[in-house]
């Protein structure tokens, strides 16, 4: 690991098929958007290093297929994850209703009890909304999750989602400090004195 990188974090993106998980990932890592992007087969994987409040973190981001036939990949996919982005489509209520199923899966297979979860309502650029923002916020509060609405197409909220998730993980040293205890790394003073969220009105730390 690079000396100036605080830690490497495993981040998962989960949710029903077609909610835009891969599009969010590609917008964040490559700043691209493909409206004809094919459904993920199995698991996709990308790496990106970001800086949050003076601390560099290398993100290993896992994007999984939402289809039921790929669920045999689940146990290894969740193992060792420090953060999860749970995505639904604000124009498809069925993807919101099924969030409980994904949370149950997360609780079943996740190996950490202090993992940081972020709920993302994607596709806010579309007009045919079926899930109100307050519904998403209420669900996130109920399950102690971070929350944001976003659009992979317009880039709205995408960077914020990942940065807020990483910030919260870094503020939870138990998630990563054991991996770095022999490297002498520590948080920057900016992070130690960190107050509110970096994304203004977008994210709610709950």
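Each Cβ is built from the backbone N, Cα and C atoms, and glycine gets one as well.
The candidates are 23, 144; Swiss-Prot tags 144 with the feature phosphoserine. Listed ranges 31-45, 46-60; the one Swiss-Prot annotates as motif 'Switch 1' is 31-45. Swiss-Prot assigns the feature motif 'Switch 2' to one of the listed ranges (63-80, 81-98), namely 63-80.
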